[in-house]
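Feature annotations, reproduced from Swiss-Prot:
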type	residues	note
REGION	25-125	region 'Disordered'
MOD_RES	SER160	phosphoserine
REGION	201-300	region 'Disordered'
COMPBIAS	240-256	compositional bias 'Polar residues'
MOTIF	318-326	motif 'Nuclear export signal'
REGION	329-381	region 'Disordered'
MOD_RES	SER398	phosphoserine
BINDING	LYS426, GLU466, ASP467, LEU468, ASP479, LYS553, ASP633	ATP binding site
REGION	504-512	region 'Calmodulin-binding'
Amino acid sequence: MRRCPCRGSLSEAEAGALPAEARMGLEALRGGRRRQPGLQRPGPGAGGPTGRPEGGGPRAWIEGFSLHSEAERTDFGPAPCPDGPQAEPCGDEHEECEAAGLGVASEKPSQNKELDGSNLQTHPKLSSPLAEMEMAGSWTDGFRTDLHRPDLQARPKRASLCTQPGFDESWTELDRSELWQTLPERDKPWVDHLRTHQDMSRLQNHPACPSPEPSAGTSCKELSADGSRTPHDTDGFWIESQTDGSLIGPSTQTACRQPANDGFSAQDTDGTLIQPGTDDGPWVDSVLEKSNGDDPLMEPEPRDLVTNLCSHLECSSLCPVPRLIITSESPEPGAQPLGPQARIEGGTGGFSSASSFDESEDDLVAGGGGTSDPEDRSGSKPWKKLKTVLKYSPFVVSFHKHYYPWVQLSGHAGNFQAGEDGRILKRFCQCEQRSLELLMGDPLRPFVPTYYGMVQRDGQAFNQMEDLLADFEGPSIMDCKMGSRTYLEEELVKARERPKPRKDMYEKMVAVDPGAPTPEEHAQGAVTKPRYMQWRETLSSTSTLGFRIEGIKKADGTCNTNFKKTQALEQVTKVLEDFVNGDVGILRKYVARLEDLRDTLENSPFFKTHEVVGSSLLFVHDHTGLAKVWMIDFGKTVALPDHQMLSHRLPWAEGNREDGYLWGLDNLICLLQGLAQS
């Protein structure tokens, strides 16, 4: 039985708990790129000759977009049926489950867009007042709406930012006349045709509330001037109003705010694995500590982002997740305290997000680490000295006589163990097993881990899958959590029926924002997990873009998981640019791979009939130019009731089970395309 990564100690490593090779830096030389055992694996999941060919044309969904009613859209299917039976999610003991395996990269050239656009038009709901929006800037010109109504006319040749209304509302078409630049010496084409969720049914005009700097505590921003306003996110350009009384986007702590109490949920990756280099020094667990005031961890600065957005979005009376928790059940134990500070050295790394529900341990602040300033967004040095935690590697992978240690970046210990022949064992989760088995026969197979079934080890069950990183040399890795929510509807129902206090969740919440808990929650010192997750999602780009960055490990060993309040478009764009170090070739490969994935998702029977919640996209590239993306984390992917299908783009309202996966993917592709063009 291997020791879990979060309960070891430095003294054990020094006393010889590790093999000599692990303690001395695994000095074995690498002999080129690693391959899976035997000949090149056939099949689409192995990256071999039968995989997807590289190359291909860009998507044409932006231009010439025809307008259809919702029923006519081939990728949407019939309307959701909220009353049908739902698949049972994995239990709490398996919430940390995720997937990792090999896929195949395919490449398409990026698509260039000319920017145009001049005026603003809004199509509100019949009973709602006219909502207006004003925007300035060349890189936001040409917003576009993703239309579902046959009575609206498309405006040809307009790159667009798509706003997603509620279910009965009209779609908004946004034009601008002035230039808007946020970074000097560069156009910003990547916001063309980005999408936002918007509930237009209760839109109200509101006086402007200028805000000179983006922050999670405001809901009004100055946006240059055509005299119109629309509900908007505080730090970005996307907002989604919820019918359960919650809103994503701005905080609820300013005078000009949206009337949400619970907001959307959030979630960290658990069990994320990372391989430090094999140069020298002990293996380091890269759980990112909160930096103290003397050495703050800097988030990218949203340079000169000026917007002016005000609105009141009224919410329905659906019962929110309870905030006052009264129960006799004892709270679950929190994460282990963080250890001494260290920095990862070396190249080869592994990174795999785990639990779709449990948050990563880097949320907790323990020991003498202190907390970083959540409002510090100077961005002048986005990859400053990072503080990590020294722990020994949970296991060492041996593949083709190449040894590389796996270190858990965040999350619960014991999720992963080393398999044989470059395979990884992940703690068993029935939902994930069922999903992976179905995906092996679905068109999505090249984009998901290759699955080898369940195995038993030391009396414990594991799902066996391929190591996603076996073909990379010193990779850079990024985990993006996809979708507009990361919790199942069943979890909300359970939280209402049997609210369970979580002291560790309360500590995580106050570490980020001491004023976030209610007085009752402060008195009890605990919050429910869905309550924490809903609050957490209001801070991140999950609420504004339909995806959020969970963590990044770069080839030089630098790790960063401090993206809890990375919400604004500019912040997310800067992080993506730093991840690839401005390499246009890598960006184009990522764009081609994601466009191919989007095409496959829209034609996948599995995807149309499953609610995909808490799933991630794993981005991996190395110095050789190899770049791939995979879908991972299927521990909370559940089948829909019979005859129900999802669009994966509509806003979520309790009962419709929409997850917003394609909405987030559309926006992610747009951002990467813009970076490649610039």
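Each Cβ is built from the backbone N, Cα and C atoms, and glycine gets one as well.
Distribution of Swiss-Prot features across the structure.
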residue: LYS426; record: ATP binding site; Cβ within 10 Å: 27
residue: GLU466; record: ATP binding site; Cβ within 10 Å: 25
residue: ASP467; record: ATP binding site; Cβ within 10 Å: 28
residue: LEU468; record: ATP binding site; Cβ within 10 Å: 26
residue: ASP479; record: ATP binding site; Cβ within 10 Å: 29
residue: LYS553; record: ATP binding site; Cβ within 10 Å: 29
residue: ASP633; record: ATP binding site; Cβ within 10 Å: 35
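Within the set LYS426, GLU466, ASP467, LEU468, ASP479, LYS553, ASP633 that the record links to ATP, no two Cα atoms are more than 21 Å apart, and one pair reaches that distance.
When averaged over the region 'Calmodulin-binding' (504-512), pLDDT in the model lands at 93. DSSP classifies ASP479 (ATP binding site) as strand under the three-state reduction. Following the DSSP three-state reduction, the secondary structure of GLU466 (ATP binding site) is strand. The DSSP breakdown of the region 'Calmodulin-binding' (504-512), given as helix, strand and coil counts, is 9 helix, 0 strand, 0 coil. Annotation note: LYS553 (ATP binding site) sits in a strand segment as assigned by DSSP.
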